[in-house]
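K.L.:
What TrEMBL records for this protein is below:
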- Glu194: active site, proton acceptor (ACT_SITE)
- Gly225, Ser226, Ser227, Leu228, Gln229: ATP binding site (BINDING)
- 21-42: transmembrane segment (TRANSMEM)
Amino acid sequence: MEPKSPSKSKLPVPGSVHSCQSWKIGMTLLVLLVVVGIYLVFRSSRVDNVLNGSYFTVVVDCGSTGTRVNVYKWRNVGAVSNQNLPILLHLYPDNSTKGGCEYHCMQTEPGLDNFVGNESGVRASLEPLFIWAEQRVPLERHGDTPVFVLGTAGLRRLPVDDGRRILKDVERVVMEHRFLCRRSWIRVLSGKEEAYYGWVALNYQMGVFGNSLRLPTLGLLDLGGSSLQVVAALNKSTEDEHVFKSRIGSVEHQIFAYSLPAFGLNEAFDRTVIMLSHTQELRESAGDRFELNHPCLGSGLVQNYTCHGCFGKKKDNEVNAILLVGDPNWEKCKGLARAAATNLSSSDWSPLTNDSNCMGLSFYNGKNELKLTAFTRSVARFHALSGFFAVYSMLNLSQRANLTKIWEEGQMLCARSWTGLPSIFTNQKYAGQYCFRVPYLAAVIEDALCLGDKEIIFGPGDVSWTLGAALLEGESMRLGSAKAHAGILAPGNNWMPMYS
């Protein structure tokens, strides 16, 4: 074949080259526009689900006695109702679910603070809860359902490095599931946060927020295993480290919030054992263990117990196992409960068997005395939740507190033989401590918090601080904004301390 001369070769037409390049660029832009469009439509549908329809929030409560999960289903109604707050459609678990715990039924034990350096323990605690939560949220909604994993008093009392290690282990488990999560949503709450969330939950669930009649807010008493929270709104501005501003919808509140570590049910009982060890001689029993008589334990009860403060200056790794022996004595038990409630020193508990009320909290936070009467004067009604409700409901009394009746019921309970007690308790683990818990409950209200003259309602049993956390932590999802706490004002803008 004759080779083509240069003059016979087809030369590229400049216009055609430009046209080809333009076509490629155009197709690329078109593909990008289609991808962006699909993303925006998908994102818009997810936002519409939140803004105009129902949505879910998962909150994992990492407490001192166990780890619990709540799933909340909401309907957003915009700014025309409930002070711009969503409507709670359903709470899981609900009151129809019965389980081993008294005021919350989806729980693993013990608390995560027992698993420092034990990733498998953390995983074993969390996995059943996440699987259970995933079964309550429709599969197609997992990816836009936020999960908040929040620690309370058990994790607060750990050294910071130990807390970080546990949160890292938690993060690994969370990231294996399809729920929406950010690192900042896995953290340890301050005591003030926990208290405030409980107050928000109570007033939201009782219909105070959003009511056109502007009902007075309710005060909160929340008793856990390790700590005690006291929260209420003030009727005037007050300068105090425990007071801050809060805005719910269009209404601003002055809130005082106390979180009292070591005043929870379990730590208070621990304190009574230490008090007794300092005021009676420990007797050595068989097996190289020491015996200690406890006036709040039933006759016939013998309980293995680990006490870290019962042997004076001995180190924690030395012998600290004792046998608690039931030696029921109502007057001594009542005085011991009052001493634990007011946090008096171990040597001063025995005289506290009289009926002198309102002693306040001694030696709290390095101060000689703390009395809440100045803050609680303006509060019409308190609701006592969690541990308060669990103990009180066992007495089968009316919801409205009658302290005289509580003391009487406590005395009758403590007079019963231990062999006849376990059958009346749903939680066998702490059945032996109820003779202490009943007078302790009354002493906290009457002697420590000085609320004996206030109206106090025990319950509702299904109110938890996790509802307040779901409302406020989930605000960014509800509003499609990154400002999760737009309505909260707090001193120093340090409302959200976390391990980082």
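The backbone N, Cα and C atoms fix where each Cβ goes, glycine too.
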K.L.:
Measuring Cα to Cα, how many angstrom lie between Glu194 (active site, proton acceptor) and Leu228 (ATP binding site)?
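P.N.:
Counting only the Cα atoms, the answer is 10 Å.
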K.L.:
Within its own chain, what residues at least 6 apart in sequence put their Cβ under 8 Å from the Cβ of Gly225 (ATP binding site), listed in sequence order?
P.N.:
Gly63, Ser64, Thr65, Gly111, Ala153, Gly154, Gly264, Leu265, Asn266, Glu267, Gly387
K.L.:
What residues, ordered by sequence, lie under 8 A Cβ-to-Cβ from Gln229 (ATP binding site) and sit at least six positions away in the same chain?
P.N.:
Gly191, Glu194, Ala195, Gly198, Leu220, Leu221, Asp222, Leu223, Ala257, Tyr258, Ser259, Leu260, Trp465
K.L.:
Ten-angstrom check, please: count other Cβ atoms within 10 Å of the Cβ of Leu228 (ATP binding site), all chains counted.
P.N.:
29
K.L.:
Taking the center of the Cβ atoms of Gly225, Ser226, Ser227, Leu228, Gln229 at the recorded ATP site, which other residues in this chain have a Cβ no more than 8 Å from that point?
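P.N.:
The surrounding set, listed in chain order, is Ser64, Thr152, Ala153, Asp222, Leu223, Gly224, Ser259, Leu260, Pro261, Phe263, Gly264, Glu267, Gly387.
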K.L.:
In terms of DSSP three-state secondary structure, what is the assignment for Glu194 (active site, proton acceptor)?
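P.N.:
Glu194 (active site, proton acceptor) sits in a helix per DSSP.
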K.L.:
Tell me whether Gly225 (ATP binding site) sits in a helix, a strand or coil according to DSSP.
P.N.:
coil
K.L.:
If one looks at the chain holding Ser226 (ATP binding site), which residues at least 6 apart in sequence have a CB under 8 angstroms from its CB?
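P.N.:
The list for Ser226 (ATP binding site) reads Gly63, Ser64, Thr152, Ala153, Gly154, Arg157, Pro261, Ala262, Gly264, Asn266, Glu267, given in order along the sequence.
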